[in-house]
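To start, the structure itself, in structure tokens.
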Amino acid sequence: MSKETKLQVEAIKNGTVIDHIPAKVGIKVLKLFDMHNSTQRVTIGLNLPSSALGSKDLLKIENVFISEAQASKLALYAPHATVNQIENYEVVKKLALQLPERINNVFACPNSNCISHNEPVESSFKLSEKNNDIRLKCKYCEKVFARDVVTEIEA
């Protein structure tokens, strides 16, 4: 007996679809863009089956279009995610995610002795990637941290 089943998430008319987010990262992305406080409808798929990733997260945000700058921040969490802008149920633009060279005023430095904690300065990290391993170097204390160490502080 062969029974075909297909999981579906409702299509959105206008907005942004972020697909291929690594599993367990979708909630962090929601918080990064403050979407958990949005008045717009947000559809969240967590731990969905994925042939490429094994499992993945998916976000659909109605009537919200993320910018190229926001897409760069997203690349820090999900460098291989796809971001589609939807208008009238059609994909009108695909944003290519590119890891930014530097990220400012998003995360605090994990080094408690860093001057960025006691001085009125914006946090600033230089980003680098090698073999899918993302590292952040603090502009002030010059310590290098794994992505997970820096991003877990705010999440």
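In case you wondered, yes, glycine gets a Cβ from its N, Cα and C as well.
As given in Swiss-Prot:
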- Cys109, Cys114, Cys138, Cys141: Zn(2+) binding site (BINDING)
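Neighbouring residues of the recorded Zn(2+) site, listed in sequence order and excluding Cys109, Cys114, Cys138, Cys141, comprise Pro110, Asn111, Asn113, Ile115, Ser116, Ser123, Lys139, Tyr140, Glu142, Lys143 (Cβ within 8 Å of the Cβ centroid). In the shown protein chains, 22 other C-beta atoms lie within 10 A of the C-beta of Cys109 (Zn(2+) binding site). Set side by side, the binding-site residues Cys114, Cys138 differ in how many other CB atoms lie within 10 angstroms of their CB, and the most is found at Cys138. Within the same chain, residues at least 6 positions away in sequence whose Cβ sits under 8 Å from that of Cys141 (Zn(2+) binding site) are Cys109, Asn111, Asn113, Cys114, Ile115, Ser116.
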